[in-house]
Amino acid sequence: MNYRGIYRRRYVFVLLLLVAVVNISYGWTVLKNKDYKRRYLSPSGVEKVRKHLSRKYVASRNNTQTFKKHYFSNTWAVHIDPPDNDVADRIAKKHGFTNIGKIGNIEGHYHFKHEEIGERELEKARHKTALLNLEDEVKFAEQQKILERVKRDGIPNDPYFKDMWYLLNTGQASGPAGVDMNVVPVWKKNITGRGIVISVLDDGLDWTHPDLEANYDQTASIVLNDNDNDPMPRDSDADNCHGTRCAGEAAAIANNGICGTGVAYNAKIGGVRMLDGQATDALEASALGFRGDHIDIYINCWGPKDDGKTFGKPGPMAAKALRLGAEQGRNRLGSIFVWATGNGGLTDDDCNCDGYTTSIFTISIGCIGDHGLSAYYTEKCSSTLAVTFNGASHKEGRENKMVTTDLYHQCTEEFKGTSASAPLAAGIIALTLEANPLLTWRDVQALIVHTAQITSPVDEGWKRNGAGFHFNHKFGFGRLDANAMVNAAQSWKNLPAQRKCTAASGFDHQDIPRGDSLFINIPTVACESSSAQIAKVEHVVLTVSFVHRRRGDVSIDLISPKDTKSQMLSPRKYDDSDEGLDEWSFMTVYNWGENPKGIWRLKITDNPNQDDVMNLFNGDNTDDVESLEERVIDTQTKQNKAEWEKMRKENPYFDVPYPNGVRKNKVTIEGSTQDHVKPKEGAKEPWGNYRNTNNINNNSSTAFKRKKKQ
């Protein structure tokens, strides 16, 4: 289990249309003691009032009182019955208050203010409250507590949030500012994943982590390896951190001063421990089918080996569990299975060789770095639906931070791989489901297709299909955009029922010429004039069998009637198997929205010269556009750094901040406008001449270009 030529046989082609609070405000009301109700207070009466105020007040169960410093303002709420503004003015003036006016539209409630009572004058304030309550017309008088309120600007206060550039990119990483998952606008709408349940199918979940515990859902958790209900990982093995890290990215708690923030920080999170032992078809089926009536989203960051030579797929029971989850999960709306595409780019692996990511029932998620470029370990295939960020670079080198929860109640910034991307997608889907809980599993996929954003736009791999959707074998339909998905979901109309149409190839055995291609036409009327008729396709599944002396030499392309080309299988230089394939199902989503009626063309190629083929597909020793982008970025970074170093050497004050008491203004010296600083009036000037200390920020052409780009 991995954490995230051709001769005679038959070819079968299948087209599938999937289609188709009560906020209880705690405060104090000073209770009146009718024994104190006198026009004037005698000395004994004053003493009684003081004794009354010195003990803890008896209040209704919705009211409590703690007199603490800095908790009370110099304003009072006073209820006068019968309502009379003149009476309110008279009582206010009598006791040194000003009647500010009525409180909103509440009948008989007035707002009094006392200018001479400070927030620390507790005894004086208590006495004034008692005096007001002794007035016959006053039903109650209450000094107003200063309430702690914060702006709901959607920005969490967790200590590591500033490093989470993929959630809010202010330019803190090496990439341009503003390029992120666009989740903050969703949080500002108070959509935070509330009511959605996510479960991580992995090596366990440290649910006692303080950044996860309050969101933990025991009902969404189990241990399949040991028949236990506690998904705590075996923390004696530090490698068993994978599930805990995935969980934190999706649903870590916000605004608790701990670690970072999950995308859906109010969603519930559970864990299915199933990777801490031997994997079997029965175990995987049990995990994928666990509590489909309760769990909305399943995070899966595992699969077959990413070694460039393995073909692996779900067993019959696991495959059935995926199908039943889509048909019956979430009260028949369909469970959402999010799957990491894999990290086999360095071994020229192809995610279409992974039967989990090619299932029509899963959402296959790839990764990009902060510049929108593919990671050096990205796998390309036609089943990838979309991408999210992780910390990787396009070529092996610098890495950016990915913040999440870790074992031993720690926080890590070192989470990597597509395992760091899929949980972000799960969190965004949780936000989407909160916005519209009636979305089906196919609706969620369709929303991704409709709202994903182009990343790395200069990459020549971007194409448009016959329905107008942009796609790329590296990036799917693009980068997930949380705000766009949520906005679309709120007015989304459910897709009609799913239809399936099968088109046979109509031939038996054919040979492929060595070093050449075999072309096969597959006509279809898309089940016209039947209940299975399809007008707009969603998924296309191609089932192929072949034998070949070297399986890795084979590539397969499928061209739709709208001339959209999907690479179903790319050559793999490490795949030396002579076993071929037996009824392997490849899948493409890149015909989404097209009318499938017409002639589909299948191209199967024998590629005997692997060096040339690898250069063609991977860009080695060729003009790889992404590599060019990376080189430009690195060059700009080096130039900028060199310019800063030069300024630092030439100016001894370059790194010195402006001291307290300094004011800065612009002056013209020899025709050039420069910063000039001097003490504020009355301040001493112990530091001497303090000019031109920050010119690089204001005048550097490199800095200006970067700022403009952002």
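Residue numbering: from 1, along the chain as shown.
Note that Cβ sites are derived from N, Cα and C of the backbone, with glycine treated the same way.
Among Cys367, Cys381, Cys411, the one Swiss-Prot lists as the disulfide partner of Cys259 is Cys411.
Candidates considered were Cys301, Cys351, Cys501; the recorded disulfide partner of Cys381 in Swiss-Prot is Cys351. Using CA atoms as reference points, the active-site residues Asp202, His242, Ser419 were checked against Asn190 (N-linked glycosylation site), and the closest is Ser419. The recorded positions examined here are Asn190, Ser419; by Cβ neighbour count within 10 Å, the least packed of them is Asn190. Residues within less than 8 Å, Cβ to Cβ, of Asp202 (active site, charge relay system) and separated from it by at least 6 positions along the same chain comprise His242, Gly243, Cys246, Gly271, Val272, Arg273, Met274, Leu275, Ile299, Cys301, Trp302.
Around the Cβ of His242 (active site, charge relay system), a 10 Å sphere holds 24 further Cβ atoms from the protein chains shown. DSSP gives Asn190 (N-linked glycosylation site) a coil state; it is part of no helix or strand.
Over the domain 'Peptidase S8' (164-486) the predicted model carries a mean pLDDT of 92.
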